[in-house]
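*Asks:* Got a structure here, written out as structure tokens. Questions coming.
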Amino acid sequence: MLSVKSIPAFNDNYIWLIHNNDNHCVVVDPGDATPVLECIKEHDFILDAILITHHHHDHIGGVPELVRQFPSVNVVGPENEPIPTLTHPVGDGDFVELFDEQFMVLGVPGHTNGHVAYVGDEKLFCGDALFSAGCGRLFEGTAEQMFNSLQKMAALPDETEVYCAHEYTASNLAFALAVEPDNDYLLRYREKVLHLRAHGKSTIPSTLQREKLINPFLRTSEANVKKSVASKVQDSTEVEIFTALRRWKDEF
């Protein structure tokens, strides 16, 4: 099994550093090079690759400096997005070998048109597509694209760990409880999250099993979720339910 370290950046970003027992590492979505370089120096890591999920600056801002410091580093990212110094463009269904583990690339458009996620070693690095108890805003893609992307990720094994790129869990849970105020699991989990955050601790990684219990955007087939948006939809297809939820969340 590979190990993962979180490197906090900006106000609420997480840069993920994946490493093995030989001190080789990969970083995911390095929006800022400084904390990454500090972590690499502290642990005497060797940077092999950078994985990028999408082109937003808080996910790629540190790439040029990391490439300057490590000229031979592989930069892996979505083939149809403007990523600086990209060496390995990838798309849905491609594989990336990291530390003798095969990571599969999932095309998960919605937040951006070319957004990808990486899954391997029972870990999902999903950028701004899936959050704990939430999902990314639709800056470029359509609601139907995002719905399908979330369904694709939800089809992975329940034990898959979810490494999203932002600490949004507490605010997302507030919305989830507006959707499902009688969801006992949600109520209990919110207390745990508030305790963790009060002590400065991360709520990430989550798991897909947990997300299926707390994330309204993965619960569009649930009667209580459908009921919560019944007045906002023309019909009750899951895509329409998702679209109504996403609009509601944008205004929440």
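Just so you know, glycine gets a Cβ as well, placed from its N, Cα and C.
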*Asks:* Asp58, His59, His166 bind Zn(2+) 2 according to Swiss-Prot; which of Asp22, Asp100, Asp128 goes with them?
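*Replies:* Looking at Asp22, Asp100, Asp128, the one Swiss-Prot places in the Zn(2+) 2 site next to Asp58, His59, His166 is Asp128.
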*Asks:* Which candidate from His24, His111 does Swiss-Prot annotate alongside His54, His56, Asp128 at the Zn(2+) 1 binding site?
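*Replies:* Matched candidate out of His24, His111, per Swiss-Prot for Zn(2+) 1 with His54, His56, Asp128: His111.
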*Asks:* Taking the Cβ of His54 (Zn(2+) 1 binding site) as centre, how many other Cβ atoms lie within 10 Å?
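*Replies:* Excluding its own Cβ, the number within 10 Å is 27.
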*Asks:* State the count of C-beta atoms found within 10 angstroms of the C-beta of Asp128 (Zn(2+) 1 binding site), not counting that atom itself.
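*Replies:* Neighbour count, Cβ to Cβ under the 10 Å cut-off: 26.
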